[in-house]
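These notes concern the structure reproduced below.
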Amino acid sequence: MYLEKLSIYNFRNIQQVDLSGFCAFNFIHGINGSGKTSILESIHTLALSRSFRSRKMESVISYGFDALTVRGEIVVDNKNVNTVIGVSRPKKGSVVVKINGEKLSTVGELAGVLPVQVINPASFELLEGSPSVRRQYLDWGVFHVKHSGFYEFWPRYRKALLQRNSLLRRGNIEACQLAPWDRELAVMAAYIHEERKKHFKLLEQAFNPIYARLLKLSGVDDGASSMPPLSMVMHAGWKVDEIDFEEHLKNNLTSDLRAGFTRSGPHRADIEFKIGRLPAGDVLSRGQIKTLVCALKLAQSKVLLDQGVSTVFLVDDLAAELDQYRCMAVFAELVSLGVQVFASSVKRSDLNDEWCKGKGLKRFHVEHGSIAEC
């Protein structure tokens, strides 16, 4: 699967752009503020109806206009008919999403049509950011696994959690009032944890060789090879091996009432990274942390690819985060995965033609919101 055509209207400083004939690798360069990141951002909006840079889509709409529109045509492997996606986002009102001309009843139906993986400065919070960042990373992969059922289980869990928390905030309630929600949470938690656990095991298996290759290919002797092994551990959000979640909720009712919310469960899950016995973030250098995060992103896509799900990578100004040797190593892995890549940089020379290793390559230059193939 790959993106073949892209049309952008009133998206930040891009008023109208029509692009087509994308290759496996698509390099976009331009000075800061030119609109190069907006191209990547528009593809993300096409895939998920939201930006990876701003939660408020009003700020993404070009000044003086009432709505933005992004359209894209996707070529799906083994299918004769392409898929056309259209996303319109007004300043006021709801987002409108169409697939092959038919309006979707919910935005959620768009998810999974065009899986995108982002590597940008915000990605490097994955190791040292809040647990929610790591849950989001894990759940992105679980969601895209075919037939996982996660799309059904997680909303049901969230709904039950909101109901239970609402009762907890009231106080002076009987355990019987919570019982239906405790049961629903327990059933959904079991599904969610099992799907996460299966996916996490596959992630570990994919991550270790990719991380080792990145360290080797970068050719940088930064001491990583002499450190104790890196370990990854997934925490369920409660002591899943010791107690049933429904029983756990009953046992912790007093403390949950005192807090006014449910303090444990899949919504408190986390991934812990360690070097020996120490947190990896306390041991690794900034460059090593960023290399590790890139390996995690690549591993995520490798797991999905092995299950027949292809990913489009949006790589925003990686040269500003990693030296040329580490960048080269990351792109070598992207070549190996066989995924489509859209990558931005300030200078043309920041993205080397040789990194594509014979794969199709197109270059674009962006200036003041205008894009030209070069």
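A Cβ is built for glycine as well, from the same backbone N, Cα and C atoms used for every other residue.
Database features (TrEMBL):
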{"type": "DOMAIN", "residues": "2-351", "note": "domain 'RecF/RecN/SMC N-terminal'"}
{"type": "BINDING", "residues": "GLY30, ILE31, ASN32, GLY33, SER34, GLY35, LYS36, THR37", "note": "ATP binding site"}
Three-class DSSP secondary structure - LYS36 (ATP binding site): helix
Count of other CB atoms lying within 10 Å of the CB belonging to ILE31 (ATP binding site): 12
For LYS36 (ATP binding site): intrachain residues, at least 6 apart, with Cβ closer than 8 Å: ILE28, HIS29, GLY30, SER344, SER345, VAL366
Stretch-averaged pLDDT - the domain 'RecF/RecN/SMC N-terminal' (2-351): 92
Binding-site residues listed as ASN32, SER34, least Cβ neighbours within 10 Å: ASN32
Which of GLY30, GLY33, GLY35, the listed binding-site residues, has fewest other Cβ atoms within 10 Å: GLY33
Cβ-centroid neighbours of ATP site GLY30, ILE31, ASN32, GLY33, SER34, GLY35, LYS36, THR37, 8 Å, sequence order: SER38, SER344, VAL346, VAL366, GLU367
Number of other Cβ atoms within 10 Å of the Cβ of THR37 (ATP binding site) across all protein chains: 21
Three-class DSSP secondary structure - GLY30 (ATP binding site): coil
